[in-house]
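Below is one structure; the comments refer to it alone.
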Amino acid sequence: MMAQTQIQTDTTPVLEVRGMTQQFGGLRAVSDFNVKLMPGELTGLIGPNGAGKTTVFNLVSGFYQPTVGEIFINGQPTAGLKPHKVTSLGVARTFQNIRLWNDMTVLDNIRVAQHYWLNYGFFSSVFRTKQYKQREAQISEEAYELLEVFDLMQFADEFPKNLPYGTQRKLEIARALSTHPKLLLLDEPAAGLNSADAKDLIRLVRWIHEKFDVTIWMIEHHMDVMMELCEQIKVIDFGETIAEGDPEEIRNHPAVITAYLGDDNI
Amino acid sequence: MRQYSLNVLMAFVAMLLLVAAHFGWIDNYIQIVVMTIGINIIMSTSLNLVNGNMGEFTCGHAGFMCVGAYVSSVISVFCFGTKLGDPMLPASSVLLVFPFILLIGGAVAAVSSLLVSIPSFKTRDDYLAIISIAVNYMIISALENMDFIGGSRGFQGMKDTYWAMIDIFDGPWMLFWVILFTAFNVWVIRRFISSTYGKGVNAICQDEVAAEIMSVNTNKIKIINFMVAAGLAGCAGGLYAHIIGYVNPQSFNILKSTEAMVMVYLGGMGSLSGAIISAILFTGLMEILRSQAIIDGLVSPITFMFPDWEPSAGVIKWVMIPLLLVIVMQFRPEGIMGNRELSDVFPKLKKFYRFK
């Protein structure tokens with residue numbers, strides 16, 4: 001499964017962000033953000049609407065370049081890298097609103113996400129060289145294996161748009177994992193799920209965390225999901241970090257309560 | 001058996017056409033129609049790569065055809081013709097050299113596609129359409145101002161290459177090359193688009209952000225896809241130039257691009273078999289509308305009311321084709337096949353062939 005696994009010493013953080021600031025014109029969406037995730041951690045990022053959580057994920061996954069600050073993935077800086085290069089460094093993410101390729105089969109959705117290690121070009125694909133055949137066989141094998149462990153095998157030839165919402169969420173996570181990430185960013189995986197599905201999701205995330213050698217960082221609004229899953233939670237509001245700690249600390253942190261419920265003296 | 005059935009069938013039809021043409025069972029007119037069908041298949045399937053599979057909107061495909069036509073014509077005249085000095089190659093080598101002449105024309109057309117593909121990194125939809133029309137006009141204007149290859153008077157002399165082939169063996173050579181390159185074109189596109197590499201193109205169409213995040217190098221795939229499409233269109237241009245024996249920049253203007261677009265949208269976006277079927281239907285329709293008798297019949301209710309009006313076939317054709325596009329967009333916006341291949345529409349066909 002983990003063909004791309006590199007041996008990392010436990011002292012290199014999977015993700016290190018130093019003094020990251022993102023400015024959209026006059027709006028400071030994220031300011032002086034710092035985080036360090038060690039291998040195997042399961043961390044949460046919460047905050048009220050518009051706090052800049054998704055912007056942080058967009059920055060880490062390379063979709064935006066930070067105005068100020070540095071991001072390191074497994075010790076390597078991502079400055080100036082295009083998102084697909086950042087992905088091949090070992091970051092994968094899901095989206096708040098599901099972004100699957102809806103007119104491709106479930107199997108193809110997983111297969112196309114293997115672009116980072118294709119190692120063949122246009123001419124190999126036309127002439128069907130040995131390298132092409134080998135790589136396609138490997139990709140198919142891995143894709144089927146992944147569908148099998150995610151229990152999505154029966155949908156392999158189905159189009160994602162025909163799947164139930166919860167299954168689409170699951171497929172998106174499977175697709176992200178198919179890039180062999182060291183760091184998995186989950187952007188509101190429980191959004192739009194009912195409580196039964198959300199429970200399944202908790203189980204799924206925990207299972208992924210145990211089974212795959214991956215660090216998980218997730219954004220979520222369902223507090224019960226976060227309290228149950230995360231070892232560490234970071235809270236941001238208006239782009240500023242306001243609290244950090246384990247779930248119990250966060251629950252009673254005055255700044256967090258103010259951010260979510262407002263101040264007493266209006 | 002299943003794997004080869006379609007190839008065998010196509011080879012058989014091709015052989016039949018060539019033999020029939022060679023022994024004069026089908027006349028020159030039918031041959032020209034068949035060759036036009038071949039060229040239109042190349043044009044529509046290659047444009048389908050960009051407009052259908054990648055979901056970009058470009059309407060300057062004839063510009064690349066023009067580049068291919070001129071480049072291969074000039075090389076061909078340099079090699080075998082007398083118009084630009086003595087022939088550089090012996091006439092006996094023509095059969096070996098000719099496919100390379102077409103491929104070089106295609107390669108130059110592919111490079112010229114960078115004019116559209118690089119802006120397409122940041123531009124989409126209507127804006128890219130405008131850029132592509134601009135590129136089409138740039139190419140035409142550039143060629144019109146190159147006096148050493150005839151400028152706006154056009155360029156000829158490619159028939160020498162054809163005569164050199166006839167000297168070696170008196171057969172329907174152009175028909176042969178058109179069939180060969182059409183098969184080559186479909187083969188390239190099919191293999192490209194069915195590989196994981198080529199499916200990146202579909203991923204860009206369906207969600208570019210997700211494609212970029214899920215490790216697809218979108219800029220590279222866009223460049224490659226545009227190059228393949230333009231390169232194949234360039235080959236089609238080379239064939240066209242050698243069939244007619246004369247090229248003129250204005251024959252590759254926006255009308256020609258529109259023809260290719262009509263074929264793509266008629267056939268269904270992103271459907272290879274749809275593009276082929278619509279190219280055949282469209283060429284047939286064009287030929288039918290060429291007949292003055294049929295046009296007179298079609299507009300007879302109007303000419304009955306306005307007896308002074310005498311419509312010509314050439315004019316009415318360009319009323320009928322846009323009208324066809326309007327009707328298709330109104331009643332079946334997904335085209336004949338609508339993003340599906342023939343074997344998806346008729347699953348029973350899968351028993352008989354597998355197309356790889």
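Glycine residues also receive a Cβ, built from the backbone N, Cα and C atoms like all the rest.
What TrEMBL annotates here:
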- B:7-26: transmembrane segment (TRANSMEM)
- B:32-50: transmembrane segment (TRANSMEM)
- B:62-84: transmembrane segment (TRANSMEM)
- B:96-115: transmembrane segment (TRANSMEM)
- B:127-143: transmembrane segment (TRANSMEM)
- B:163-189: transmembrane segment (TRANSMEM)
- B:223-243: transmembrane segment (TRANSMEM)
- B:263-286: transmembrane segment (TRANSMEM)
Counting only residues at least 6 beyond its ends, the same-chain positions whose CB falls under 8 A of a CB in the transmembrane segment (B:62-84) are 43, 91, 94, 97-98, 101-102, 104-106, 108-110, 112-113, 132, 135-140, 143, 149, 155-158, 160-161, 164, 229-231, 233-238, 240-242, 247, 249, 252-257, 259-260
Stretch winning on C-beta pairs under 8 A with the transmembrane segment (B:127-143) (pool: B:7-26, B:32-50, B:96-115, B:263-286) is B:96-115
Long-range Cβ contacts under 8 Å made by the transmembrane segment (B:7-26), restricted to residues 6 or more beyond its ends, are 34, 171-172, 175-176, 179, 183, 353
